[in-house]
Structures are given as structure tokens and as C-alpha cells.
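Here the structure is laid out as C-alpha cells; the discussion comes afterwards.
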């Protein structure tokens, strides 16, 4: 069993300020009750209890991790650590070379990858939905039978279950390659993030380079971002665990899936707590995080924050399992109407072809008969003429 009883002559019993960036499930804030919560808040409470110190949380005014400016200074919570305005960062910071040169990092607290957050797709009518209950050979036989019958009422009577429309859930993309090549849903990147840094510095022909050049810009405010994503204004690229935690939170609030995440991931990085250079906090926090990781406490806390999000990860499977009903519209019947119309049109074409061919055949037959009749009359007249000459 590990222990948090670490000798801290410069820390024990003092009151300290820690910086944070609002990013669920690590650190979140309820303004109406002024309550901080999240996995890292729970971890900090454990550490504070054993080290016997008090703390207050200081938020960056722009609520972002921070980026390096041309003059060499840093913004965001990284800037607060560089300027020693906070003892350390409670929000996990993705480790990169430029950040490592500016601040110290604890041992890894988590490893996460970037994913795409977008609005949960809704059930839509499927023109070919009436064929989905059948296998491919059965579909071919059904189509042939429909073309032969031409009677829509018979189709509904004999195939009522198959005609009660199988709705479709359209997934706009499943990975970053499809995201960057589609134009239906714009996407934004997290401002002052490691993803922006990596994509901006990537070659234009690479996937990261394309994601940077074709993006709709950056966004920083989580409340604004998640609201816009739920309204289907754009998709958003960020770390997968915060996405899952947000999906869980929205599911609890609305009692249904409002957001989902694409299964493809990109740019996995280690995340850690940040400290000012040569901070006395680094050694004890490293020991605490190492023990919490080894006993699975951090992993357990994180999984508890997105337990319900699994219902929204696979919209197709979820909708099929829930078997939710919806009112039918005209679009639901377009498929069978189109098939019936095509069969009727084909029957009409065949009928007209038969009529035309029949008339042509009748005309040709009449001409042949007339020619034969004329030929017989000419033969008869020739015979009479010859008989007259011989009598004379």
C-alpha cells in the first residue's frame, strides 16, 4: 500500500493557488452553486487531505491551455505557471517539446487521443428502406414481383411488415480522413492546443496539414463549443475522454443522446500536471500520481465520468436496439412509389411497343395480302386476254 506521507517543509500546512482550465471530466465548474468537481479535483482533495494544506483554484481569463507568442512569452495556464502565478496546473496538459522547455511536468496522469465530436444523428427516412428486411436474392425476387404485379395495394397487403419503413441513421464520417474530405459539416480545432500546434507545423500534404488548412477556425469556450455542436453548426476536434464525459453529462441532462464521437482517433499524447520550473511540488505530486495510477484509482475515476456515454458512441446500433418509433412521412414511401412508377412506366413502354409492333405487323400483312390479290387479278386478266387471242 502506498502512502502520501511525504516530507514537505515548504508546502505542508500552507494555502496555495492552483491554475485550471475547464475541461470535463478533469475539472468542471457549476457557476450557479460555485462548485468545482471532476476527477482531478477529487485527486487534489485526496492529496490535500494527506498533506494538510488548503487551496484555491485560479482560472485563466481566456480558459485555454496557452500557446507561445512570437516574443517568447506564454498565454493561458502555461503562462501562469511560467510567471509562477500558480503552484501547479490542476488540469492535465498535453506534453510537447515546446511546453516541456517552459514548464516541468509530473509523471503521466493519463494518455489520450484526439477524436471528432459532432451532433448525434437523427433517424431519417430511407428510400430503399422497404427492401432492408430482405436478403439480396429476396430483394431481387421482390423487385421482379413488384414489376410484374403493378398493383400497389397487393404489395402492402402481402408485405406489410417490410413496407413499414426501416429508417436509416446517416453517419457523416468515421475517421479523420473522411472528415477532411467531406464538405457537409464544417469542423473547428481547440484554440491554443497541442493539436493546433502539430497541425499548423505539419506539411500541407499530410493528414494533419489538411486538417489545419480545411478547418473552420478554432474555438476555446467549452459551453459555446458544445452548444454549437449540439445545434449541428460544426464538429469539434478535442481529446476523446473529455468528449465522452461531455456526452455522458448531456445524456443525463436531456435523457437522450445529444452528441456522439467518431470512432477514429489521431495524435495520441501523454497528459500530465504542469509545474513552474524547479517547483517543490513536483516530487510529492509525482509520487502521489504514481501510486494512484498503479492502483487504478485514476482510471476508475475517469471511467465513472463517462459510463452512460457508451449508449451514444454507436448511433446505428443504439437506434436498432432501442427500436424507437416515429411518425411516417411522405419520404418514407418514396421508394415503393418510385418502384411502382418505374414498373408502371416499363409496362406502358412495353404496351406501346406491342401496339406499334402490332400495327406495323398488321400493315405489312395487309400490304402482302394486297400484293397477292393484285398479283392474282393480273394473272386472271392475262389468262382471259390470252384466251381471247387464241379464239380469234
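Note that the numbers count up from 1, one per residue, in the order the chain is shown.
Heads up, the Cβ atoms here are built off N, Cα and C, so glycines get one too.
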Which range of 349-370, 371-392 is region 'Disordered', per TrEMBL
371-392
Which range is it, out of 308-332, 333-357, that shows up in TrEMBL as transmembrane segment?
333-357
